[in-house]
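First comes the structure, then the notes that go with it.
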């Protein structure tokens, strides 16, 4: 407060003592012009230094125009410069003004200059001893113009670019500037070079400069046109710029480097590059003026466009052209093209066809056939090869296979030359195969297999016999015959069913004479089958059980189970071994299946290494298509662990390998001798008792050897019989009984007319003649009871055809009943007598194992 009073006091003293411009007029102070831009900062220098170094400044005053009242004061009396007191009149500068002595010279800074700040300013500096200094400044405030605005010829405001224009178009631009004091100067510059400084319109505060640039070219692309407006050098000119955008045509179109010669059907990636287009060119591919689809998008970098086409030339493209067309996407008329003439080589193209005069569906054995192999190649083919069913075909006249140019000739063809034919052509580019052409040759039927089929069947068992033939065209008919050692029987068409390739006959053997040979013939449109298909019917049944089973372990710890096979029942058999291990988790001595193995050759199995200290039970049986034999169960076996042996204190005896081999060989000889003796004994027993009607079949013994803790133990197992004769569906051990004058087995489910041997005629009742067995099966032999209507008619060729209905038949069919011939009825004996001759004849024909002396 006191400081402000002292400043006011000084000002009052100066005003009363005549400290005015008029009182100091004796001192002439020059007027220095100062320019300031409105809104910016201006500075007025005022040197406060004295010529006398010992002197110092006391007071600094600033005045405007001729006013005697200072608008700013700087009081240094009694203090340092940096502690001086400042005063700024709020009516003039206020807080916008600051006097700084740190600059050289000291300056008065005024911020945010206004237009009304224009005028003359005077600085007065008072010293303690020296004379007063004064400085005068004429302040001019410059008002900058507004930013220029650029318009096109249609009056549309442009901000960044002008265009896009096409080459040859004119450029017309208008630059408009508003305001500015003093009035600004408006110029046009192209790429920072003045091209137009004449203003066409000046109306008060609005100034316009119009630029006309004729016929733009590619060189003008991206040129910058700038409009500048300036009225002082204290600030940069106000300006607005636009860039010229042009639509340009492509300059170049080139292909990437590719092979001069192309290989047909090989993939090529062809590139086409185009540069110079604005915007970047769009590339289109053509092949012989036909547009090709593009698989990939064009790659654009700056103004270079790259297009990739995956091209696979074909054999027809040789000599044709590929065109790459680059065009401006906005101006399609701006385009450029490049052509590429193709040179394509290719391996031969081969096609095979039959001769024009040959019907592919009418060729039969004995005809002549020729093929035509058509070859298209560049360069031409140099070699032609023929193939039959994938193998190279040998050409020679002796085999009636010849070649003429590109033709293959087959003379007097047979079914062996039927199949797939092809040809192969070769040139410098490779080799090619033709299409495969199937040659069909029609022929008479023949069996699909050239061997006799053996079919096993038990008595009373119905079998479906399948006769398959190979024929072209398919067979249209079949015929069957049955033959044994004594007769041949034609089988009627109603006894079997057939189709084009096979015939099925249901056959049921009921007696020994029903086992023989079945023959099958077929016929088609070419001819009759010359060699029949043969089927040998043999008696068959379930296989016999295995015997002489042993269980032993090898030196490496593996366990082997071996048995001798029994009779196979007339059919191929397989052997099954089931091994059960004790279930340690089950306290009721339960077992779990440990291994299930099958062998089709012999009953010999290797279990590998088994767990030690575990009880095992092995069961083995044989099986065929008729069923399986009675399983043979071996005694339990196990192999103690080394810990158990140590617990009993048993010392392991180390034996020489030579000694072990010697002992094993001796033991083997002893076992073989025992087996031979037992077999001879059993064979003699069978010869004595096997064919006796009231005898019982002897049981065979199975010797099972078991190795445990180094010791071998022997067990005897009861198993099935091992008969020399083929078993059928009756037990030969059952005693024969006489029923109705014939021999009948106990518990035989068949009726009295189905007896194996009969010694006389039984009463023919309706129930026996109409039973299912009589209607479904034909059982061979004169021993069956025949109704009075049964007949047998002899043939001229010594064969006979069975027409009897009451007699059970091996072929399933029915016919009206007829009376049997007298000669057949005369063979029927009294039921109370046994026909010894018939029994002897039947036994002699049923088995070759019984000599006539035994019968």
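Cβ atoms here come from the backbone N, Cα and C positions, even for glycine.
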Write down the single range among 637-657, 658-678, 679-699 that appears in TrEMBL as transmembrane segment.
-> 658-678
The predicted model's mean pLDDT over the domain 'Fibronectin type-III' (542-642) is 85
What is the number of residues in the domain 'Ig-like' (148-243) that are helix, strand and coil, as DSSP sees it?
-> 3 helix, 55 strand, 38 coil
DSSP residue counts for the domain 'Ig-like' (250-328), split into helix, strand and coil | 3 helix, 42 strand, 34 coil
